[in-house]
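TrEMBL annotations:
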- 1-326: domain 'Aminoacyl-transfer RNA synthetases class-II family profile' (DOMAIN)
- 82, 83, 84, 113, 127, 131, 259, 263, 264: L-histidine binding site (BINDING)
Ligand code: HAM
């Protein structure tokens, strides 16, 4: 029969990789609550309109990358390509904004984007995502960046670059947008890629982060957004940088960092690694002061970021995680011992030990090979002699020492060996 394969860009995670993911999640769950963040789990699917309005109809994510299916009434639903829009929907719909001045949420889980798969780029990928709603003050920006850097540091990741920029607000950005558009219009259009020629009209800022070398070269002297910002935006950004300096968080200002989603205002950032190939952005985020309102909620500013877990996993690959060796392996030398062996394994698990059972009876040599493969620290050997005398042989797999104990004393025996 023909084999059925996984969908392209969708991956399985076997225990070794799951352990890495669990470690990242545990670190997030340890760090974020110390900054007042609580976990919010939102659905994997939302109405497509939410992402169109939230992320922006002109973005690649909405234009090309969403998995959309109609519901039974023909209304389009989409697998979430990111967490922010869903978190905003939940925040508005629950009315939580009326009850608390500041809300802080983190969300961990799979996201879906129909991109061309390559190393570090999947169609189903996982994000650790944080959002802080309420404060407009620069301390909130600096704090969430510090939290993100603490999280990455706790994972043991050091060679990362924090790139930061400010994208202005609804009063100064349109002016910059016009300036940039006019500047771009004076270039030789035939030298810009097709995407940039289109973006120039729809969202000229996106031209700045085009990866095509010819476009980069042509726009190298483009006007810089920071030079065009209003005094409030400039003061806000300076305060964010001052706090980062005070906390000794190194950063690089990247004038071309505009991010691929439309909701950003003011502070925006990415964390980049040069150790994992072309998909080196391991985290990205920023402020989005108009988003809640744009989605039908009150005028509440917000800020957040997301880390890509597959990309973090690439950086963590080869990292020694504490081995999870089970406590015991019950080896069965004769079929007559199977009931007693099963009962022994269950009683030990009730006592809090971990381990597995050799279901089939085998020769001593074969069973010890199985026991070795299980990685257990102790093999509990049961044969006809032991069954008759109500005992078990405990073999220490590291030292090779073994001793016979009554079945009822195995738990105490294992505890004594620890
Ligand atoms: P983003 O930059 O689109 O931002 O994604 C954040 C991170 O998710 C990226 O830096 C990358 O590590 C990872 N990522 C994105 N696409 C893929 C993919 N196809 N395969 C593997 N990893 C990927 C957002 O999603 C925003 N919602 C972040 C945010 C939260 N901004 C404010 N709040």
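Every residue gets a Cβ built from N, Cα and C, even glycine.
Since the structure is predicted, the reported quantities are computational estimates derived from the model, not experimental observations.
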Least Cβ-crowded entry, counting other Cβ within 10 Å, from the binding-site residues listed as 84, 127: 127
Extent of the L-histidine binding site in Å [max Cα distance among 82, 83, 84, 113, 127, 131, 259, 263, 264]: 21
Those binding-site residues listed as 259, 264, and which of them has the most Cβ atoms within 10 Å of its own Cβ: 264
